[in-house]
Amino acid sequence: MSGMLTSEFIPKAQLENLKLYKYAAVDKSFTSKYILSHYWSWAIELFPLWMAPNLITLTGLMFMVSNVILAAVYVPGMDEEGGPRWVYVSFAIGLWLYSTFDNVDGKQARRTGSSSPLGELFDHGCDALNCSFAAVLQATTLGLGHSHMSVLLYGVAAIGFYLSTAEEYHTGVLYLGYVNAPTEGVILSCVVMLVTGFYGPSIWHMPLEQSIVKQWVPSFVPSDMRVADMIVWQIVLLFVFTHVPVCYYAMYKACKAKNKPFLSAVIVESLPIAIYSISGYFWVMSPNSTLLSEKHFILFAITTGIVFGRIASKIILAHLVKVGFPMFTVMLLPLIGGAIIANAPVLFDTEPIFTPESEYMYLCAYFVFALVAYTHWALVVIRSFCSFLGINCLTIPHGKNAANGKPKAAVHQKGIMPAKVSGLDEYPIKYLAPNIFQYAPSCPATPTRPSVILITGASAGIGRDLALDMAKRGYTVVAGVRKSQDAAAIEGAFYDWKSQQQPTSKTNGKLFPVTLDITNSTHIENAAQTVYRHCSSNNLPFVALINNAGYAVHGPFELLNMKTIVQNYETNVFGTLALTKKLIPLLRSKATNGCGRVINLGSMAGKNAILPQLGSYASTKAAIRLMTQTLQLELFGLGVFVSLLEPGTVASRGVAMLNTEGALSLTGPDFEAPTVLDEGNLYTQAQILEYYNSQGGLHGKQYDTSASAQPSWVVTNQIIHAIESNYPFTEYLAGFDAKMGDLIMRLFGPNIIKIAFKGVTVPQRPDSQREGVKKNK
């Protein structure tokens, strides 16, 4: 899945179209023009100038998220029995604040000179997610419960937003009519929520004939219809007879002006929302589904709402970068699967597949998948926009304005991977709250170029790519390699690149390979002297040590001989510590201006026991993790920042070795035969070896680099941030699989790993009635 998701990076050719961006919107509402515009002009003055427009939008969305949580906690049934009255008042306040924040973010962008295409995409993305949040709150306010009426209300909200978004894709203009949902609809919803706050949701469940509107009810309307049902059906009728025709007519005019076939375009472009709506409806309304009867509509709406957020946001993204209409997202597959499984008894004449418990677990798994996949996609898109436009997403750089839709002035030279230094590779919480320890020392400035850095393990993979990238960026790089041929290869690659550059784009960077086996004290001394020499002869500061050298040992602890394990520790732990100790004095010296950096390469394997037979390597990386945290505590007051970078599966020589050797028999100089006692053995030596080999085979599949390994620049970009940021993070997770794996471990704990190894061959005990081996079920 990682490879599938990382394929959605936006090509630079498409990003170039952001230069043509120009926001256009029309709001015909008299309420907005004559009343709310004055309110919004007053409200914008309450926001500080340092607050980024996107942060305002995100803060507004959090009001809605908070209220959905309140609904799930205090009104889980969503019915007329209701919950505390203050909850419904909170709904009204939250919706009004969301609307206010959503309308003033554009004013803040113009006020601070930070308008950009990212603002429109971010705003519309939040609005798309809010469709499900608002529908849940409205259904709860009316006391509709977990019913088909709640499903209908959400369906109208989602389809209506989709049509408006498709209209903007064709016309290039966001059009809001004389009466529209974001203005009058929000006001009426807030009024209904306040009424419920005073009288309770039961007020909407009285028959029409007993209500104050009975004299205006047409004769063909059943007299026993509830007020809540009438409200929902009025929304449906207004949607069908006003919103739908207006959207399609606008699209028709746009297609006609561009000489595009209208019918074929509309039919094809309606497929995504048709698949989404039909699948969702037939799943939740299936007689074999228990989502409504077991009161899981809120989770269903939020899950499918995240999927809808992806669908709608991709349309706006296509509009901004001027590409074809997006037709499909992989996030629809579980929704289609749920509809098919729920209706399998009708479709295939079989027994029901879903039980109430399994259907709920399927929905929970879908929610986790949708949340992780959407978050990853959003970060990829935001990172691409920020890098191209030279802006930050949630902050306004001090003393600077945004790019106003134009690429930043410093054009990246050909062959140099731009550093994503906006922090968008980290967990979202780190955008707002980096490690508190890193605010104690005051780093005067970002490390300057030219300056000297030392990178170990630069013979191949991450270290080699990083050494080349940093030299191209203007650093003097001392690259530690194991062999003389590796030194010649990396030096030749750099100077071949340099010779191809135009005179105007020549870099001042330099690259000096040095033979460095970090288990050899003589090599460490020579490397340190090389660093000293380049610093003193060129009057350059030494700003960063990147401890990348290390290797993985694969095999069960029982069969690995102690010499192999000790060698693994000597390289990965003791060698790293020895080199760090040697260079700490220079990193905290006056020459660094108080900005020395130590960056240690860890691994997700060192954070959680994610795979068997990787214990030796994983335990060394666990030691590196604790060593990094301790060094950070010890050195931060001296101006030395220590960071740990934990990547997932990255295409490198080490991973390739695991991939090719993972399924081989556990023999050779690194292994010893399993010990079998003379008496009282449950398993034979052959059974033990077969068991471990079965584990190793599955282990090798986990490291199929052709399917899941990410390019090494995913890691190098994080390291560049740790070097060049004023306040680097203590911990970085690099790569989608690392972030998703960490999230899964946090949610489900280490026992979830056992699921991946159900195919391991488990030997039978001698007292079993069957001989041989069996598969673990």
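These residue numbers are counts, starting from 1, taken along the chain as shown.
Any Cβ shown, glycine's included, is placed from N, Cα and C.
What TrEMBL records for this protein:
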- 55-74: transmembrane segment (TRANSMEM)
- 86-101: transmembrane segment (TRANSMEM)
- 145-163: transmembrane segment (TRANSMEM)
- 175-199: transmembrane segment (TRANSMEM)
- 231-250: transmembrane segment (TRANSMEM)
- 262-284: transmembrane segment (TRANSMEM)
- 296-313: transmembrane segment (TRANSMEM)
- 325-348: transmembrane segment (TRANSMEM)
- 360-382: transmembrane segment (TRANSMEM)
Closest-packing stretch to the transmembrane segment (55-74), where packing means Cβ pairs under 8 Å, from 145-163, 296-313, 325-348: 296-313
Dominant neighbour of the transmembrane segment (175-199) in 145-163, 231-250, 296-313, by Cβ pairs under 8 Å: 231-250
Positions on the same chain near the transmembrane segment (296-313), where near means CB under 8 A and six or more residues out: 68, 71-72, 76, 78, 121, 124-125, 128-129, 131-133, 135-136, 139, 146-147, 150-151, 154, 158, 161-162, 165, 272-273, 276, 280, 284, 290, 326, 329, 331-332, 335, 360, 363-364, 366-367, 370-371, 373-374, 377-378, 381
Close approaches to the transmembrane segment (262-284) from elsewhere in its chain (Cβ under 8 angstroms; 6 or more beyond its ends): 151, 155, 158-159, 162, 166, 248, 251-252, 255-256, 291-292, 297, 300, 304, 307-308, 311, 325-329, 332, 335-336, 338-339, 342-343
